[in-house]
Amino acid sequence: MTDNQDNANVPAEAATHSGFVALIGATNAGKSTLVNRLAGAKVSIVSHKVQTTRAIVRGIAIHKNAQIVFMDTPGIFKPRRRLDRAMVTSAWGGAKDADLVALLIDSERGLRGDAETILEGLKDVPQRKILILNKIDRVRPEDLLKLAAAANEKIAFDRTFMISATTGSGCGDLMDYFAETLPEGPWYYPEDQISDLPMRQLAAEITREKLFLRLHQELPYASHVETEKWEERKDGSVRIEQVIYVERDSQKKIALGKNGEAIKSISIAARKELSEILEQPVHLFLFVKVRENWGDDPERFREMGLDFHS
Ligand SMILES: Nc1nc2c(ncn2[C@@H]2O[C@H](COP(=O)(O)OP(=O)(O)OP(=O)(O)O)[C@@H](O)[C@H]2O)c(=O)[nH]1
């Protein structure tokens, strides 16, 4: 069993570790169950939509002196919509930004279907990769070993873990591994802000997705969305203010569009999806601001998800 707040015995001077783990797996592999078991704060995003392409923080676990941020990169395996190459690349981008990529496989299902496709895609991902065979409570040990061998034949996994997300078996070893191998460095998120994170971040991702869908040819990667204000209103609606940051004035013009048409259609699409997900009326206000070189500034990255309050 994993102790979510298992940092009591760590000497104050011990170096902290932190990092992003991209958790990849076919639908039903057990990603949510695993993150809910490991994460101190439940931040699984409640989304009724499947097959989206955004990378989302699913949960944040603290183990010993490490903070482990689990990211989700849905939409990698079966882009049902007519996604172009850039979109698929963007979905894998979640994995590429991670310190570690963890492939979760339902041992009972094995390599059939999506798992096979994911293994193929993983070949192009340069990060350190681990294999997690889940649901070991459902299979015979000999079948488990066969599966581990078959998967390791395709990809050079750094380690293979055999776990059950429901019983917790093997999860302690997995957490020890994360804590030991993630890079040394300060934590990305202060503990007390974790619970505030998911909806604001999800809202920002949704707007970024709409922006990307409409403008990706003109505005390649030079944008970033932050949710600055989130105000629940008495009438049951929510007022959300977001800033779209771009690098140059010329990009700001593109983001706004002629007579504000681009930003308007982005706003409409984002608001529609947000109110579906939140199941409440949404008033969305988008602003476009120029912030030079944000993409090069590591401090910005660290702050992402924190800088919500204006
Ligand atoms: N027997 C057993 N069942 C498990 C285990 N882990 C997860 N499950 C079950 O598998 C099903 C799918 O688990 P989820 O955690 O929802 O899977 P997921 O990968 O998050 O699925 P998506 O959100 O659709 O991508 C659920 O019914 C879980 O209870 C396990 O270790 N053993």
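Glycine residues also receive a Cβ, built from the backbone N, Cα and C atoms like all the rest.
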Stated TrEMBL location of region 'G3', expressed as one of 72-75, 232-235, 296-299: 72-75
51-55, 81-85, 226-230, 291-295 - the one TrEMBL records as region 'G2': 51-55
Range annotated as region 'G4' in TrEMBL, from 42-45, 110-113, 134-137: 134-137
Of ASN28, LYS31, ILE136, binding-site residues neighbouring ligand 1, Cβ under 6 A: ASN28, LYS31
Intrachain neighbours beyond the region 'G4' (134-137), with Cβ under 8 angstroms and 6 or more residues off its ends: 25, 29-30, 34, 104-108, 144, 162-167, 169-170
For the region 'G1' (25-32), residues assigned helix / strand / coil by DSSP: 2 helix, 1 strand, 5 coil
Secondary structure content of the region 'G4' (134-137), with strand meaning DSSP E or B: 2 helix, 1 strand, 1 coil
Chain-internal residues, separated by at least six, CB under 8 A from ILE136 (GTP binding site): SER107, LEU144, MET162, ILE163, SER164, SER169, GLY170
